[in-house]
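Visitor: Mind looking over this structure? Questions follow.
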Amino acid sequence: MAARKKHSAMVPRKKHYRPAGKKKEGNAARYITRSQAIKQLQVTLGFFRRLSILKGIFPREPKKKFKGNNHTYYHVKDVAFLQHEPLLDKFRDIRAYQKKIKKAEAKKNADLATLLRTREPTYKLDKLVRERYPKFVDALRDLDDCLTMVHLFAALPAVERAKIDVELIHNCRRLSHEWQAYVCRTYKLRKVFISVKGIYYQAEIEGQKITWLTPHAMQQVLPDDVNFSVMLTFLEFYETLLGFVNFRLYHSLNVKYPPILDPKLEALASDLYALSRYIVSNTRTSTLEPKAASSSTSEQLEAKEKEMQGDESELRLAQLQHQLPSNEPGALMHLMEGAECENEDDQDTKECKRLFKNMKFFLSREVPRESLLFVIPAFGGVVSWDGEAAPYKEADQSISHQIVDRPTQGHKYLSREYVQPQWIYDCINARIILPTEAYLVGRIPPPHLSPFVDNDAEGYIPDYAETIKRLQAAARNEVLPMPGVGKEDLDDPQNLLVEGYISRAEANEAAQTKKKMVTLEKQYHEELQSELQGAVMKKSKQGSAELAKTSEEPVPDPKQIAEDIDTMSKLGMSRKKRGLLEAIEKGKERNTARISKLKERKKKLKSSEN
């Protein structure tokens, strides 16, 4: 009996079957559905959605959806992260307080309801911004959607049913104009593209490329199928984030933030950017350098001195605050006029700063004024418009270009060129001053090419892109081969001497060097050929039989070998990777088909023109 007990103790017991629901493993233990998360947090769906957006927690996609495909899944750690958020208790307090207000209104106690509204608890999202973005570079990387959302709501009308109030729109406009002012005065704008959706901008700040989209200046119609409550939650966080970013950028230039604006000048009209020179040129504080007013002409200074005599006290306040007169994109353009521009040694910044240098522009009424007021000063130009508080009038003889977008122009000045707005954007993307003949009034302009598309990678280069490339090479004094001429033809020193690119002494030296290289190359080829012939003569007798045998065998087709290698590599892949590879191959086939179609259209157009 004792031996039997000892034997049974040494044999391991069989593991019992685990009943369902007792202990979860795998995806069932790591993920929970949205309804389970709401039940765990004891909040409503609206509060859960709002808190998830503010904290940056989004649904996950587990490998195996254990509850089915019609559920939304969240990670257990993310839900636990939300459970310990102090903002959750704040939302509960606000909800309880709103019930008190509703109860007072139901009892028709208007005084109590008004008193309760004045004492309603509020919250801030500053800690969430610092929590989600520990470093400033992290915030810049995540700024694309933020800027797009803020610029979108800055152009929307105030709608009560969508809870879009006037104060929200004004705040979005203020933040967007402050951002544009920094980008403009530090010359950080790099690319601009006008599309059907809106205007795409790209700036480069601290090594980070930031791209955002602004809507066209048109009447916006709010659709009914859009959930504006979710968008407003995103906007609530983005406003705080952009405020933090603007604060850091302005303080990096030793400029006070936020700017306190002059209400009288703000109420005059929109886009009063020229009045910023009026403040800077008449400043008396020691912090602003006299270089701040160097861009404005002496005639403007005399006119502004006459205008500023009536508002001495408000002017002093604005000067002490280092602020500007108008809450518009143009008015903030010269906010950093006296500050030192960072990254002065950056080559791109220098190119952008000199593009429209010594050029004066005038905008007609029909052009997109807000975009051009942002773009032209960002590349070193001076701009004015037809309206109140403009820095100079249309009759100014020093204007070099007038931007017009109408089929005909009545009165014309011979001292300036009349071009369409597309010329400005194409010059910016090409980084050179393009010829204005194709952009004159009444003519169909050339195609507006996107600077975000790599033509070499796409495999198709439009004709106008090749023209711009040649103009860029001419501006940099480079020599490009003409169509049908190879690059080796340009290497001839005599050709370069005839064209005037090098002197006679340099041409003689280059010719001697080229002759020596040709001699050495010929000698190397002769030696290599003799070595190969000697090796073949030695091995000809030994391998004659082998060569005869191999000559009888059929030569394998290289295409068949490549296909066999592809099929073998596909067999070793998993189903997911094989599907990804097939999708990539289909995309390449579609791209080649599209390029061939474009080339066929190009040939048909050329044949029809001829």
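Cβ coordinates are placed from backbone N, Cα and C, and glycine is handled just like the others.
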Visitor: Of the ranges 536-558, 582-604, which one does TrEMBL list as region 'Disordered'?
Guide: 536-558
Visitor: With TrEMBL as the source, which of 87-114, 115-142, 451-478 is set down as coiled coil?
Guide: 87-114
Visitor: In terms of Cβ proximity under 8 Å, which residues at least six beyond the ends of the coiled coil (87-114) contact it?
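Guide: Hits for the coiled coil (87-114): 41, 43, 47, 50-51, 54-55, 120-121, 123, 128.
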Visitor: Which residue counts does DSSP yield for the domain 'BRCT' (351-441) in the helix, strand and coil classes, in that order?
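Guide: The counts are 27 helix, 15 strand, 49 coil.
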